[in-house]
């Protein structure tokens, strides 16, 4: 954790979830409440097909709803795409950009991630910008070089602590059950903090840096207690309300 930074626990449902899954979001909305919700933010990013209904379920809850991606353009002949304005029109508050699965499956590079981040900001959304190294890059000792490049090229100059969140996701840890050591996570997050402060000054010191990569109830408290880890971006464990809320409630002791 970073003193004076409000943590964010975010769930990315990826290509999972139909209307039958809305009961999980309802349970999450009911579980995110009380004193903890005044200290820790919670967010779920379901498929775009569920955005509007999900936000309606959270009308009386602090649980926020966001999108998993957006197009870099406001509108136009881009079949199958969803713009940041459309996300905002569904009352979404955040959008994930640059997730490793987008970078790998769709060949999205840093320049495109930067354009999507700018589009999110233009729609008054908070951009969750994902960065992280592959297994090959890690074995070659290039983790910090990759993070430096991705932060430099994916973040626009107008990024602030209010409109931008960083998510560190070691690609080799996503969906594999593998997790970096606490010291590895601490080193990566400390490095990113220094890079953000170097570029953005005091504003960079206030930006939230989430950890993502096989986060689950059993390791959440340990990971989220690491210096400069300001929350989590959760994959599979966010599909079930019990698991998501267990991770969220790990902050009961951490923020007490």
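Glycine is no exception: its Cβ is also placed from the backbone N, Cα and C atoms.
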Considering the substrate binding residues 12, 13, 14, 175, 235, 236 given in Swiss-Prot, which of 154, 214, 218 is annotated for that site as well?
214
Select the most exposed residue of 175, 235, 236, where exposure means the fewest other Cβ atoms within 10 Å, treating these as the binding-site residues.
175
If you count other Cβ atoms within 10 Å of each one's Cβ, which of the binding-site residues 12, 214 has the most?
12
Please work out which residue of 14, 99 has the most C-beta neighbours within 10 angstroms of its C-beta, and give that one of the recorded positions.
99
Could you tell me the C-alpha distance between residue 175 (substrate binding site) and residue 99 (active site, electrophile) in angstrom, no decimals?
13
Largest tally of Cβ atoms lying within 10 Å of a Cβ, found at which of the recorded positions 13, 169:
169
